[in-house]
Structure formats: structure tokens, C-alpha cells
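Trainee: First the structure, then my questions, so here it is.
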Amino acid sequence: MPHSPFTAQAPIQPSLSASRSYHYQNDVLNEVDSIQRVSSNERALAGSFLYTPVFWADALRKSLLFYRAQRSGDLGPTGSLPWRTAPSFLRDGADVGVDLSKGYFDAGDYIKYAQPAAYSMAVLAWGAIEFPDGLERSGQLSELHRAIRWGTDFILRSATHIAHNCTYYAQVGRGASSGCSEARCKYDHGYWGRPEDYYTEYPFAGDRRTYAIDSRRPGTEVWAQASAALASAAIVFTRTSNAYSSRLLATAKTLYRCAKQSNPSNALLQDSLPEVEPQYKSWGFSDELGWAAAWLYDATKEAAYAADFELNMRRGEDRWFYEGFGASWDDLNVMAKLKMLTAMRSYVHAEHLHMMVHAYVSKWVKCNGDNSGPVQTGCGLCFLQKWAPLRYSLTSALVAVVYEKHFLSEASDVGEWAMGQLRYAFGDNPFRISYMIGVDGGGELRTPRKPHHRSSSCPPKDEGECSEGRSLCGACDSPWVLYGAMVGGPDETDCWNDDRANYVRNEVALDYNAPLPALLSWAATRTATTARSAIKLTPNHFLEFRQRLGECVLPPHDAGAQFSCPSGEATDDNPRCPFKYSPCKRK
């Protein structure tokens, strides 16, 4: 049976489905049958799956539910998920005398990385500022505020000693070291179990520690990202809590001063904090400095921050004339420029910024592989690189719709392109897979059942142990449905396997979800859309497809069903684009 959360259940109480996955309800995931389901008449009129504002609103609700699953510490009596009720990692920060038990786990593990977490909070805040209507209509604005505050409270905690040589706690725990072949050097990646059992069940739990940056071991990227997160959140919370907003802004300014002044040698984060590698190696910090300055200008309207913007973007690797490769936690070039451009229309270099942003958006909308840029798969995904391609396409879609909102008409090709990328991620693809877990369109779509995620892969304690061997079982669905998590996505041939061991395609992360509340809020205010075109595929085509690529997901129902494929140029002779293996190959 397809995943469907809409079965009669008492709030917060799990019930076991036939697929051995627990579904649950709470104040975010309301048991309202009409949320995902559209009538058969609507589907008949559309001729294919109908993407309604109600569908997008449901996805928006669930995208925020994922952030609850990632929280650490004492989660309190309300707001926790059924498998996340027990306190966890209460010792975090004890080695430096600061309570760092809360915050967010980064991905499918239990490590707390400052840079991607701060980036995610800033992007969530950006969505609340740019697209509040869909959030308000779906009743999710306060939930978004809670998600942001959980992150910014942790940033404030991490900055407890910022006045002492710019000390900031940039990481708790660490991932496996490069070339690791022994259990101990896997560090936190070596533990596959429930978060609350870490200290009692993991033999190397004593190696978990807190890592700091300071003026002797600078981390410009982290200081700047944390500053941007607090400055953007200060804008969000101005209407609800002036005192909290003021506190955020004051700390944001201090963090910014550290980022600007405490790295005369232009060292990168891994030079000071080698434990961040290989998971979050930095490729520069000028874009982070620009991102922070743009947000501080927007929050304060102080001319000094606008004056800093160009200087910051020219620091270190100098990204002033670079539009960006793929918007993400480590490439904020286009986001920084777009933020500065929208915050100050009269900025002295506004024309230059507009040119840079336009170049980036055009590159992604064209999606033809020029200058090693993204390339369109046979079925329409704008594909940049193999590790979590949806992260890049959807973040670039967010950039596109913010750009459209401020500088283009609402009916632009840019908005249509962004909607196409969003639809692809939510089932407008050859296998009818919605890559957000639990968003199945009332059973019309398939969703991942085996994300690379530790806590949701662990059964209730009375049903047995949780271990890597058991949880990486290829045939086993996760016992808990990780509602709202966006997995990494397919390969360049549009092929994807539901395989927990494949973390490249199936891991989930804070930054993967970060652009989604904004995009889904934007989509929820638009009219219903259907697939742009459809093609028929023969059973022989799919047999050949499977044989060439190995084990790959076959389409639901029958191989002769119609699948949505956007129009566009697709050639077989581009070595970066193996379209001949795509189920949406053009003749």
C-alpha cells in the first residue's frame, strides 16, 4: 500500500501500518483528509495529477515537521515526535562549560555543524520575509518561527564566550575522518542508534567533544553565517518580540565584527578546525561575509554595512565578479548579491549586482551545461552534481522566485521554470516519486521509505534493538515516517533507488529542506498546475533502462502508463548528459 498518513488515529499515538511504518499526527500534521486528496473529477479534467494550492500547503506543513525530527536536547512535553520524546545529548557542551544540548542535528547523524545550520536558519527566515502569505494561509507561520528560534537560540548559546577572543562553539561531535578504516576514527558516524541511547550504547561516546573557533583559530565562514542567521531572524521576530529581536541583532553585530576583523591571514575554516573535514570543507568566505553584511544592512539600515558589502565580496578569493555555481550552504554568491539588491535598491553598485543575479538565474533557467553549469536531465531536472541534486535545483528555484518577485512579472518564464523544478521534486518525474517523505498526493505518488536517517530507522524499544546492520537492511522500511524530509534525489539519468545505504541519494539534511518553506509558500498562492506534457513509454524501454543501469526503481502500475516529461532540447552526444539512458529520451 502507498504511504498515506490520513488514517484515523489519536494525536501523538503511533499505529502500525501494513508496511511496518508508523504514521502519526500532531498539531502540525493535522488529520484532515482533504489536505492531500483531490477529487476524481479534478483529476479527470486535468488528465494527470493536479498540483493544487492545497497540495503545496500540505507539503509546506510537512517540510517544517522535519525540523522537529532534527532537534536535540530536552524537547519538552509538546512539539516532540513519537520516537523523539526522550531527552538526548544533554552532555553536549559540558566540556566547555556551556549548555549546548539543544540545536539541530545536521543530517541523518547526530553531529551539530554550525555553518549549514546557521545557513538553514537564514534561508528559513528569508522565506518568512519574502513569502509570508502561503505560510499564513496554511497556518504555518508560527511553526516556522519556532523552527527558526530553536536554531537561533542555539547560536546565542554558541556565542556565550564571543566577547573573549571571539570564541564561538562551531561544532559538537564529528564525522568519520578521511581514510578511516577502524571503528574509533568513525567518531559519531560510527553510531547507528537512538539519540537518547548514545552515551549508554556507543563505546566511543567519550570521544564526543565541542570544537571552538576564536581569534587564534579563525572561522570567518562560521562567524559570518551565524551573524546572517541572527540578523535575518531579528527582522522576522521584530513583530512578535522586540526584546528577542534586539538580542539577536546585538549578537549578530558582534559576530560580524569577529568575521570581519579576526582573520588577517584569510584562513579557511578547515585550516583552524580540521575536524570539519571531509564533510563540510569550505571553499571560501567572501560570499558569507557579503551575506552577513547584506542582512545586517536590511536589519539596521546602517550605511556602513552597505559600504562593507563590496569589500567583503572581494576578500580572500574575491567573488565580486562571480555569479555563483550552485546556491547552497557553501556558495552564497548569488544569494548575497540578491539580498543586497533587494534590501537597497539605490545601492551604488546595483546595476552590477543585477547583472550577476540575472546571469545566475539565466544559467539555471537555460540549464544547458554552458560553462560547466547545470544541465537538464531527460525528464526535466536541472542537474548540477550527483550529491543531493535537488538541494541545488530547489535552492536555485528559490533564488529565481525571489528575483521574479522583485524584478519580473509574475507570469515570467523564470517562475515557470521554478515551478517545473518544484513539480519534478514532488512527483512530476518518470517514476511518479515525490522526493519529500510522506507527501504522496493521497496515494497518487510514491515517496521514499528508507531515508539514510538514524533515529527514524530505529523501531520502538519494545520491538528490538537499533543497529547499523539492522537499519541498513535493504528490504526494511523505516519504522517511523520521517514526514517532510527531502532526500537527495535522482542521478543524471533520472534514476533513483530507495536505498538507505546510499547516502548520496537518500540522506536528508537541514540545508536540503531550507528553501522548501519559502518555495512551497510561494507555490501555495498560485493557481493549480498540471504536468506540461506527457509521453508513453513501452515495457521494452523500461526493461532496457533497468538492464543498463542495474537495480533501479520501476514505475508504478504498468510500464505503459503516461509519465510527465517537460519539453526541451535533449541530446545524446553531450558527455555530461547520458540522456540515452533516461526514460524521457526524445526521439
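Cβ coordinates come from backbone N, Cα and C, glycine included.
Pulled these from TrEMBL:
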ACT_SITE  ASP498  active site
ACT_SITE  GLU507  active site
DOMAIN    57-519  domain 'Glycoside hydrolase family 9'
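Help me picture where these features are in the structure shown.
Mentor: Neighbours of ASP498 (active site), defined as other CB atoms within 10 A of its CB across all chains, total 18.
In the three-state DSSP classification, GLU507 (active site) falls within a strand. Over all protein chains present, the Cβ of GLU507 (active site) has 21 other Cβ atoms lying within 10 Å.
On the 0 to 100 pLDDT scale, the domain 'Glycoside hydrolase family 9' (57-519) averages 94 in this prediction.
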Trainee: Give the helix, strand or coil assignment DSSP yields for ASP498 (active site).
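Mentor: In three-state terms, ASP498 (active site) counts as coil.
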Trainee: Taking just the CA atoms, what is the gap between ASP498 (active site) and GLU507 (active site) in Å?
Mentor: 11
